[in-house]
Amino acid sequence: MPTGKKDSALKANSSSLSSLHPPYIQMISEAITTMKDRTGSSQPAIAKFIEENYTKLLPPNFKKILSIQLKRFVKSEKLVKVKNSYKVSAAENHQFQHRRKRAQFRKRRPQTNQLLRETPRQKLPSGRRQRG
């Protein structure tokens, strides 16, 4: 019978592992869209892509978790299974592209507070501030 200390240590260990890598739907969507295969991407191809990009962050039983996640996403209609390949559903693809564009926009856009600090308003000789 497990003790309370072992259970809490196991939960802490599993939660720290899951926080190291992005969510599976994000990694799978990235793999499928990057490969740009017209007929979709197979499970081994998706696993290979994720292993190449997230090697140090993945748990040892990654391939088993991936197969379970693929089945779960097909059932929830986030992915579409065609023969032995997977495609991102139209709704999920739209959300993925929207998130990607929003992240790129955040990187490009300078902070407005920094711009305001760099260009202070000039004072007029009479002590009034310049409009602008």
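Please read every residue number as a count from 1 along the shown chain.
Glycine is no exception: its Cβ is also placed from the backbone N, Cα and C atoms.
Note: TrEMBL annotation is automatic and uncurated.
Keep in mind the model is a prediction, meaning the values are calculated, not measured.
Database features (TrEMBL):
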- 96-110: compositional bias 'Basic residues' (COMPBIAS)
- 20-90: domain 'H15' (DOMAIN)
- 91-132: region 'Disordered' (REGION)
Report summary line: In this predicted model, the domain 'H15' (20-90) has a mean pLDDT of 88
Report task. Taking helix as H, G and I and strand as E and B in DSSP, count the residues of the domain 'H15' (20-90) in helix, strand and coil. Result -> 41 helix, 10 strand, 20 coil
